Every structure is written in structure tokens, then in C-alpha cells.
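Engineer: Take a look at the following structure, please.
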Amino acid sequence: MNVPLGGIWLWLPLLLTWLTPEVSSSWWYMRATGGSSRVMCDNVPGLVSRQRQLCHRHPDVMRAIGLGVAEWTAECQHQFRQHRWNCNTLDRDHSLFGRVLLRSSRESAFVYAISSAGVVFAITRACSQGELKSCSCDPKKKGSAKDSKGTFDWGGCSDNIDYGIKFARAFVDAKERKGKDARALMNLHNNRAGRKAVKRFLKQECKCHGVSGSCTLRTCWLAMADFRKTGDYLWRKYNGAIQVVMNQDGTGFTVANKRFKKPTKNDLVYFENSPDYCIRDREAGSLGTAGRVCNLTSRGMDSCEVMCCGRGYDTSHVTRMTKCECKFHWCCAVRCQDCLEALDVHTCKAPKSADWATPT
């Protein structure tokens, strides 16, 4: 294909996307790295100098981030549990997810957002629990304040989410800030959306003081909601993610389809359409759906028709132990019998002429 020299600028956004370097966030591998801070900081491959600097300087924060990886990957797997790609991780791959996230897809957008959110959540929680030397409860929440119910006193331990966001931005964004390509800008946008999502669900909790529990005096504090709320919110953003292209000057995005609105800071953005994830594809990083359990009665993404990509399914007759004939006994216990339950389990057939992966 011959492209006139004057048309190079029109193709630049596409070239930026195609020529994106490997972009996996190496810090995700901190989940699998134990030992001292020096061992951890020096054995996570791919950390940029700023990340290593923060790692050596704040080993307690790194431990919190490492523990948080398990939490946000579990949340990712919960949200994608009924989909062909189920956020499966690869234990021996330092990118954690393999090649699948090299594509600038919706799935990549979600993973970068949920991982960034997970760092904010993990650090903020560790601050409140007194596990970090560099932070504690929110120091700004002192004295008296007013809300719709009247005057209250700040007390207890308000979650210091501003510290969590600040550290997450410095650590997580460090690698992307070194790059000027389209994918780096996409990651930075989705990282920020993830951080903002956690703060969105910060809620005020109060305790009443007074005679017989009356609320003549209130003590209040700010607390993060359960991480599931953040996961559910980002899942909705995933389903409404906006496909974008780079501006000609390479400084920002425009929508790929002019009928859609410009993305806000809360929206997820992506460049490339997702593969169908039906078959094992090493280049795309897809493990396929062969061997995956499907739902014969569903009409959704977990249905055997959709999950198995029209290849059909195998049915196995299995038995499992369940609790049955449960009765309440005064006071205060529920006693159940152990019963064997017979059920059919449906799993997707493998492609007839393909090398396929073990069940995912």
C-alpha cells in the first residue's frame, strides 16, 4: 500500500498503536515475589528506575501493594467469570496475564483500571490499619463539620484515600510516563479512571452518642466501601468503554465513531477491537474456551452457545456433597444433613483441528 508523504500524519495514530512496545505492568508480578524488600525490588523484572526507587524507600507499602494484587485479580476474575476471557492469570509469567493485554482492547482497559484501583485500596487500607510508616488516618478530618443531619465531630479513623491515590499515581504511572506512544496514554487514562472509582465510593459513617442511643452527638469518619462496589462500577464502565484514536499531534484522543460522546476522565478507553477468545491463539494470548464450564439454560455470555462459540459441548454426570434438610434448633443453631446431589456439568468441546489449552 502506497501512502503519500502528506498522508503520513493521517496514518500516524494507527502506526502509534501498531508499533506499541510491550506494555505489561511488571509490578503486577509483585504478588509472586516474597522475601526482603531488596529481594522483592530487585527481582521484579521490568520496573523502571522510579518504581525501584519507591520500592526500596517504602518496603512496607510494597508489601501492601503485593497483597493487593491477589485482591484485584480476584475481583477481575469475578467480573469476567461468565465470559470467554475470564481474566485468567499465568503464574510463571511476569506480566501476569501473558500476551493478551498487549492488544489495546477493552479487556486491557479494564485490567489497568482495576489494578490501579486495587493499589489505591490496598495502600489506603494499610494506612488506616497502622501498617505503614509514611501515612496514617486522614489528618484533615479533625474538629467539627456539618452535613444534612446537622453538626458532627470528626473522630475515629478516616481512610486517607488522598495518600493512597498520590502514591498509586507515582508508582503505577511511572512506567507509562516514560513512554510517549499511544498505548502509554491509554494506560494513563485508564489508571486514572481506576483511582477515581475508589474515591467515588468513599462514604461517611457515623456513631451516635446520647441518652438511650439518641443522636444528640455524632462522631463521623470517612470509610472506603467494599472493593466489590469499585469492581461493579468499573465493570459497567467496561461495557460502556469508548473506542478512540489518537489526535494527529499525539497528545490526546478523539472518538473513533463520531456518534459517540467524548470520553470523560471516568470512562475507560481502548484502541483495538477484542479477539473473540474462542480458540487458543498464542499471538493473541488467548487460551480459548475448550474445557470451560457453560450454562445450558442461560441466554447470556455464559450460555453453552456463546461460551463454546458454536462448537458444542460435552456433558458429564457428576455427584457432589451438599447440605440438605436443614433445621433450626432453639437456640441458636442450624443443623443439616449431608446429601449426595447428582447433576450434569457441561463443558465446551475443543476445536476439531486445533491444539487447545487445558481448561481455564
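Just so you know, glycine gets a Cβ as well, placed from its N, Cα and C.
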Engineer: Of the candidates Cys308, Cys309, Cys326, Cys348, which does Swiss-Prot name as forming a disulfide with Cys336?
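Structural biologist: Disulfide pairing in Swiss-Prot: Cys336 with Cys326.
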Engineer: From the candidates Cys206, Cys215, select the one that Swiss-Prot records as forming a disulfide bond with Cys208.
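Structural biologist: Checking Swiss-Prot: disulfide partner of Cys208 resolves to Cys215.
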Engineer: Quick one: which of Cys331, Cys332, Cys339 does Swiss-Prot link to Cys324 by a disulfide?
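Structural biologist: Between Cys324 and one of Cys331, Cys332, Cys339, Swiss-Prot records a disulfide, namely with Cys339.
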Engineer: So, in Swiss-Prot, which cysteine from Cys278, Cys294 is disulfide-paired with Cys304?
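Structural biologist: Swiss-Prot says the disulfide from Cys304 goes to Cys294.
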Engineer: Please work out, from what Swiss-Prot records, which of Cys157, Cys206, Cys220, Cys348 forms the disulfide with Cys308.
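Structural biologist: Recorded partner, per Swiss-Prot: Cys348.
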Engineer: Pick from Cys220, Cys278, Cys332: which one does Swiss-Prot say forms the disulfide with Cys309?
Structural biologist: Cys278
Engineer: In sequence order, what residues of the same chain, 6+ apart, have a Cβ less than 8 Å from the Cβ of Cys76 (disulfide bond)?
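Structural biologist: Result: Cys87, Phe110, Val111, Ile114, Gly231.
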Engineer: Neighbour count first, Cβ atoms within 10 Å, every protein chain included; then name which of Ser212, Asn295 tops the list of recorded positions.
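Structural biologist: For the recorded positions Ser212, Asn295, the Cβ with the most other Cβ atoms within 10 Å is Asn295.
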Engineer: Out of Cys208, Cys220, Cys294, Asn295, Cys304, give those recorded positions positioned within 10 angstroms of Cys157 (disulfide bond), comparing C-alpha atoms, in sequence order.
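Structural biologist: Cα filter at 10 Å returns Cys220.
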Engineer: If you compare CA-to-CA distances from Cys331 (disulfide bond) to each of the recorded positions Ser212, Cys278, Cys308, which comes out shortest?
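Structural biologist: Of the recorded positions Ser212, Cys278, Cys308, Ser212 has its Cα closest to that of Cys331 (disulfide bond).
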Engineer: Most Cβ neighbours within 10 Å: which of the disulfide-bonded residues Cys326, Cys348 is it?
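Structural biologist: Result for the most crowded candidate: Cys348.
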